[in-house]
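Colleague: This structure is in structure tokens; I'll ask about it shortly.
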């Protein structure tokens, strides 16, 4: 997603001299001081930025275009490292010789006390020391728009339409500690959150992980307006499809909008693989469909899927896809369930229930590509681009390998309370960048149906502080005191606390939806077949 670049970085300078005059002033100053160094244009621009004259990027500015004292840290990296991380699970075993971490069950979690953060940098110089961790954003929250139409106009100006020139990549930026504007909702105010993600209720002692806001370089994300989004979703269906990270994001989206509906006008129904949150007043639904590999697999049971030997049918998608047809907004993901082994087991005829199950093995990246090709063919054939919008979420990183952010003696993400914001080296948290690249290439190659690739990976790698760690469930029960005392085995560094990081992912989705032109009228949900 690109939005118009914010002019002048931290805000316009009233009566500021022209660029030529500014450059001349720098040369004049150098001559007066007797400096006989020939500056090239890049050095001059850097000097101007350091002295606050003009400038395009905001270095350390808060949201909305400025704010001295805002803590801002950057990460724009899209490097490629292929260490393997634990797959969706509870027990982490010692890595096999291939360097792949193997994992078994399906859930564990954790907590976080302090430490000095580590900054990931984005190609800019990392010599400067970030501001004190206690600095906070001093700006006041932006005023609420007086109407949905005003908010829509503002969002259109930022995200949609013709950018008229230079635009801004919203996935390149920094995390800003913004106690005034974050979080977007309170954990205690959203009754639809599951115990898996309610970290504060489950015993986490700090809440700083809720107060970081993503600030793109040189532009701003539109402020989340639940009422505006629900107007866009009136008579429509929005569905997350994939694994438990997409379920994590679905819960976030439900909490972001649910306060706009009275209690008696909203409901949540769980029916096997499909969870449906309905807002009667808007005749809209926000849904989650469990399909961890998108295609058929032996892990498709939404409740009993703690399977070590995962087997897939890479060309069989129709059974799941029958539930996606006609949905107005589709948000797909698949990643963490691929990370158990370096090879995937492919069903060789027959069915998963027939014993013994016969299968072939395929290298993981090749199998992932085969599955995404099956998925993309279904999308191209069955999705009407005039009616529906498709998103694909990039890799949600795990934080199992603390040496990757400079703490070899730490235990995974346990006791992390701050993002990796001061780390001057490349983060190495075990992300499989080959799978990332495969998903990116497949989605970009699609012709008939455009797919929005939501690039959450690099910005999420910084957030080692935001996982559920030991403050979560294990096999449907909260961790015991004894289990919490054993974070090496029980800390969940896969899933995320809510409120938290997935709210930012949904802000990207929100930006696309509210800035897109209104789709043609569709048949109200009440007249569509009920799922």
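A Cβ is built for glycine as well, from the same backbone N, Cα and C atoms used for every other residue.
As the structure is a computational prediction, the values presented were derived from the model and not from experiment.
Take a look at what Swiss-Prot says about it:
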- 23-45: transmembrane segment (TRANSMEM)
- 50-164: region 'Disordered' (REGION)
- 123-139: compositional bias 'Polar residues' (COMPBIAS)
- 146-155: compositional bias 'Low complexity' (COMPBIAS)
- 271: N-linked glycosylation site (CARBOHYD)
- 283: N-linked glycosylation site (CARBOHYD)
- 422: N-linked glycosylation site (CARBOHYD)
- 455: N-linked glycosylation site (CARBOHYD)
Colleague: Drop a 10 Å sphere on every Cβ of the glycosylation sites 271, 283, 422, 455 and tell me which sphere holds the fewest other Cβ atoms.
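Modeller: Each of the glycosylation sites 271, 283, 422, 455 was scored; lowest Cβ tally within 10 Å is 271.
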Colleague: To the nearest whole angstrom, what is the C-alpha distance linking residue 422 (N-linked glycosylation site) and residue 283 (N-linked glycosylation site)?
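Modeller: Residue 283 (N-linked glycosylation site) has its Cα 46 Å from the Cα of residue 422 (N-linked glycosylation site).
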Colleague: State the Cα to Cα distance, in Å, between residue 271 (N-linked glycosylation site) and residue 283 (N-linked glycosylation site), rounded to an integer.
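Modeller: The Cα atom of residue 271 (N-linked glycosylation site) is 19 Å away from the Cα atom of residue 283 (N-linked glycosylation site).
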Colleague: Do me a favour and check the Cα-Cα span between residue 283 (N-linked glycosylation site) and residue 455 (N-linked glycosylation site); whole Å is fine.
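Modeller: The Cα atom of residue 283 (N-linked glycosylation site) is 30 Å away from the Cα atom of residue 455 (N-linked glycosylation site).
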